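Noted in TrEMBL for the protein shown:
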- Ala39, Gly40, His41, Asp58, Tyr85, Asp106, Gln113: S-adenosyl-L-methionine binding site (BINDING)
Amino acid sequence: MTTQSDNSFKHQSVLLAEVVASLAVTNGQRFIDGTLGAAGHASALLTELPLCHLIGIDRDPRAIQAARQRLAPFAERAHCVQGRYSDMATIAAELGWGSIDGVLLDIGVSSPQIDDPQRGFSFRFAGPLDMRMNPDDPVSAATILNEYSEAELADIFYHYGEERMARRVARAVVARRADQPWERTEDFAELLERIIGRAHQHGLPPATRCFQALRIAVNHELDELRDGLQAALSLLRPGGRLAVISFHSLEDRIVKHFMRHEAATCICPPGMPICACNKKATLALITKKPITAAAAELAENPRAASAKLRVAEKITEAAVASSTFA
């Protein structure tokens, strides 16, 4: 296992041009980047729209520090706030902002977090079982492995990792901790290799799904996403846009369902002769299918391969009848 990595917080933003094009079309003046990271998307948007102001939110204090340095040339127009993007409405209100012209969410873990062994996100590096996006949060990956019940662990591995051998893994985790507490990524990866082993020889490395599941559980990522989407919708002005980048099916499924539900004008059960739900659309779908990285970007940044960008626009009730879906 690798034991060293670059400690600088550098991150190559995915679908950069596509995000800027999707949001800049509004010609807006107030934007929120709910997953600021190293501020690649934020910097590009502030450059493209010289009159716009931006709130950047991130849970990771190291990300906020790096973003402030990168956005120093835009200091009068950029506000970097450590926090959860699900709290964006509160954060915006504290800064005196009302409605917003655009919101970006780039979901999941960043490259600097993955590549730092001391953060414990990756099975590729030897390090502590941590996985907290905010190091001050009380629950780490080790906490979950050492304290959660076998049933709770199985649910995490199955629902958040879609791991078919979730029960076997959970049983082995509990059996091992009776003799020795869980502390290191390499020990957990070794267990997964032994249990799952060649079952995934033609697909993902054996540890992939359970490490993903632990990370999601530690950071409450799917609940954060659901709450963040609702918060973004409540803040957007009519004509404002929501752009969301996801990296795996669990995230994309939530985003797709949310946007399609908010764009629907009827949610009555099939077969109803007359609509009785009185559902009003609040979004228009700008992307029916997600935007993915072009070949040139993939050649430069292979990690963009799983990225999917979905975009929707807030609409008024009067605009529902005339809205068109791209």
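Positions of Cβ are set from backbone N, Cα and C atoms, glycine also.
Values in this document were obtained by computation on a predicted structure and should not be read as measured data.
Mapped onto this structure are the features recorded in TrEMBL.
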| residue | record | Cβ within 10 Å |
| --- | --- | --- |
| Ala39 | S-adenosyl-L-methionine binding site | 28 |
| Gly40 | S-adenosyl-L-methionine binding site | 21 |
| His41 | S-adenosyl-L-methionine binding site | 26 |
| Asp58 | S-adenosyl-L-methionine binding site | 27 |
| Tyr85 | S-adenosyl-L-methionine binding site | 29 |
| Asp106 | S-adenosyl-L-methionine binding site | 25 |
| Gln113 | S-adenosyl-L-methionine binding site | 22 |
Gln113 (S-adenosyl-L-methionine binding site): secondary structure state under DSSP, collapsed to three categories: helix
Reduced DSSP assignment, Asp106 (S-adenosyl-L-methionine binding site): strand
Asp58 (S-adenosyl-L-methionine binding site) - helix vs strand vs coil (DSSP): strand
